[in-house]
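**Q** What TrEMBL records for 9-32, 38-62, 82-105, 117-137, 144-163, 175-194, 215-236, 264-288, 309-328, 334-358, 370-401 is transmembrane segment.
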Amino acid sequence: MRKKKIGPILLSGLIIGPILGSGIIILPPLIFRTIGDYALVAWLLTMIVSFVFAAVFGRLYIRFPGDSGAAQAVEQALGKPFRNLGAMFLIIAVCLGPIAVLSTASDYLSLWTGKDSPFILLALLMLVYAAVSMSIASLGRLSLILSSSITLLLVSGALHSLLVARGRIDFSTPFQLPAFGYSLLLLFWCLVGWEVIGNYTGEVRQPKKTIHRAIIFSCLVIAVVSLTVAAAVQWVDPEKLHVPVSGKLDLILSSLFGSQAKPLIALITAALCLSTVIMVIGGVSRLIAAQADKGIFPAPLAYRNKKGVPVAALSVMFSVHLTVFLLAELRLITLVQIIAIANTFFLGNAFLGLVAAFRLLEEKWIRWSSVFLGIGLLSLLIFTAKWVLVAIVGMTVWTWLRTVHARHPASSIRKKEH
């Protein structure tokens, strides 16, 4: 039996931290080094596109709320085989990706503690599963606390550094279109994540109002954090802060937090990584339970406890993550390979969601936005590992053939008879 459902504020808590992700730590310095004074322009364009991406998936989830997330819309648009394909894309991605994300968190915490140990990663994994085993309301509150703390620290540090150490504000860097395009491609990763939110929409009250308000609020907070941090990285003068140019984000926190800037960045990065992993594992465990409810997966995987938590699915996912952790520690699989596989399957699932939005939603701007975003995702797929891309294409073609056969079984039988 499910407990009380969540409203827009707690749903926003589940959204903000994961969408910001570790990218808000890594990307601002990287983009500034790549295109200089045009970095903030690239961030602004990305935020606009991010709003559109969120709006497309928001409309989709308002029309098709439930634990299945985008899979339900994909089934309506493309048929049951493609529903299962999209679900499998997301499940594969989340069976692998969290170990790579938690490895990043572990690395940052190791810099802070001075100890590099695989047990830090294992402890973080245990912490994540303790969090996702809570009720949706408790999970939302935890995520809200993490997201609020991260937002407060980053925005306050960035604004303070801009006030006390603002440097030149101009566009003296020569504009180079290839570099600018490459930067936009990197920033496109900021969009990925919205498609997982749909797996929580079965546990929100008044889905239409809640999803709409949560997405608007989350978009505004994410834009404020991203643009403030990007502006600080671009316009703060390190000489006025009397600190060396590190090329890292601790620069913008040093004016307010002094020597504690580096430990804070380590903690913020770890918190962002934890937020991301909590969100995707919680979402996919609900997807697995929904698939089991429909008879696609074994029925025991649909089991939920009294809090409404899909504990059977979580148990299986924990076993998989523990196995991936051991394989990585034994060097039988590298983190680079894990990231390559997970990223490609995440993109494949998001692309199917956009195809569903194009076919199901009637607003012209939504449909054209879906086309634009789909082209962007395909451009990212081109840069992924080729063998993973071949696997994605092979699975998609096989699913398409099954769909065609299911729709025209009689013609297939006649062809065999002749």
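Heads up, the Cβ atoms here are built off N, Cα and C, so glycines get one too.
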**Q** So, does the transmembrane segment (144-163) come close enough to the transmembrane segment (9-32) to give 3+ Cβ pairs below 8 Å, pairs being at least 6 apart in sequence?
**A** yes
**Q** Restricting to CB pairs under 8 Å, which listed stretch, 38-62, 82-105, 117-137, 175-194, is in contact most with the transmembrane segment (264-288)?
**A** 82-105
**Q** Between the transmembrane segment (117-137) and the transmembrane segment (82-105), are there three or more C-beta pairs closer than 8 Å, counting only pairs 6 or more apart along the chain?
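**A** In contact, yes.
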**Q** May I ask which of the stretches 38-62, 144-163, 175-194, 215-236, 370-401 has the most CB pairs under 8 A with the transmembrane segment (82-105)?
**A** 370-401
**Q** Are the transmembrane segment (144-163) and the transmembrane segment (215-236) close, by which I mean at least 3 Cβ pairs under 8 Å that are 6+ residues apart in sequence?
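**A** Yes, the stretches contact each other.
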**Q** Could you give the residue numbers and ranges of same-chain residues that sit at least 6 residues beyond the transmembrane segment (334-358) on either side and whose C-beta is under 8 angstroms from one of its C-beta atoms?
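**A** For the transmembrane segment (334-358), the far contacts come to 56-57, 59-60, 70, 73-74, 76-78, 82, 85-86, 89-90, 92-94, 96-97, 99-100, 103, 192, 195, 324, 328, 366-367, 370-371, 373-374, 377-378, 380-381, 384-385, 388-389, 392, 396.
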